[in-house]
């Protein structure tokens, strides 16, 4: 291993992600080997993307998107009637701006399949961009950062691997928009030096105008007591929504006065929320019942329990985020914010968990850097490694047939189905424990 002089400033600034002290870089791989690793990652990513494109001949969610967009642009009903994908009827549940932003994919001059292919390729490329930016951001935190060729090689290989993750596979199989949403939020939160012209919070607001859920990511700024990004996100979301309302005011009014307020049942999402793919706290609670009728009869108590657990998750998760921030681990903090968002949402289908494509590598890297602290680092590494193995292969929720009758399952198997719930909670608990042995950083100058 060799070192070379580096005039960059590399002591991490927990506020900006920049550097404050000169250090030296170290080389883990020779330039030739780094090139080979980078090419291997690129080949894996290319082959994986090609396979996903070939296997997705009927991207059902893209069909629903396109039908919803056409109804939006042609003066039709958007929310009061389902959209048809062949003989399958599903609701369009996105805000008006979500319809407007997908107009380029709704043209009659190309097919549903081609629109799905475009979404898949774009999504995978954007994952690669975020992985690369995160790799450089994490490298800047090191007192002895790796040379750029090592960082690019690692990012390329990780990119190729995470495209195989089950949430990414499912997302692309449906040609869903979840990766685009994740990337918008991540680009807003990754420490940046070259995007000072774009106020922080702006992209989260745009993401929230497309899909309401990303508003939960504003918890990151709330626990940092930063109000400006929250206001910025609100402004950008309102502007985007008003643009869509200018096109179809009636649709905007219907969404925010009727559709949004009535969401929460299986019919609203097109699939029962107790379906095994729903990896959220509410989904886990609903599957505990022995019949759908029993679940529906006890919907009030279910919602009370869910609300209480959601509040506990936000409070304890917020505490964990603060603990991470005190140690300069802001990236890890908003990864936990993503887990909180997915856990408390009434519906977090497995393909909504595309966040693990960036969260598992980041948290696993951090756990490895802590391996010398105590045994808890090993526990965290084991949890994240198990999670990585499961998403590369088949998560437990799919060990039974798709659409299995969850009401008739034994309790232990119902618990197994809640794989991402337990894995994310276990990750957060292990992380909270190990932080006891990680010293806090001195507050950064403001």
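Indices start at 1 and increase along the chain as displayed.
Cβ atoms here come from the backbone N, Cα and C positions, even for glycine.
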Range annotated as transmembrane segment - as stated in TrEMBL, picked from 118-139, 250-271: 118-139
Range among 8-31, 32-55 that TrEMBL annotates as transmembrane segment: 32-55
Range among 69-87, 88-106 that TrEMBL annotates as transmembrane segment: 88-106
Segment-segment contact (the transmembrane segment (145-165); the transmembrane segment (420-438)) at 3 or more Cβ pairs under 8 Å: no
Cβ-Cβ under 8 Å with the transmembrane segment (172-190): same-chain residues at least 6 beyond its ends: 17, 52, 55-56, 59-62, 65, 94, 98, 102, 115-117, 119-120, 122-124, 126-127, 129-130, 133-134, 137, 200-204, 206-207, 210-211, 213-214, 217, 220, 331, 334, 338, 351-352, 354-355, 358
Remote residues contacting the transmembrane segment (88-106) - C-beta distance under 8 A, at least 6 residues beyond either end: 60, 62, 64-73, 78-79, 82, 115, 118-119, 177, 209-212, 240-241, 243-245, 247-248, 251-252, 255-256, 259-260, 263, 267-270
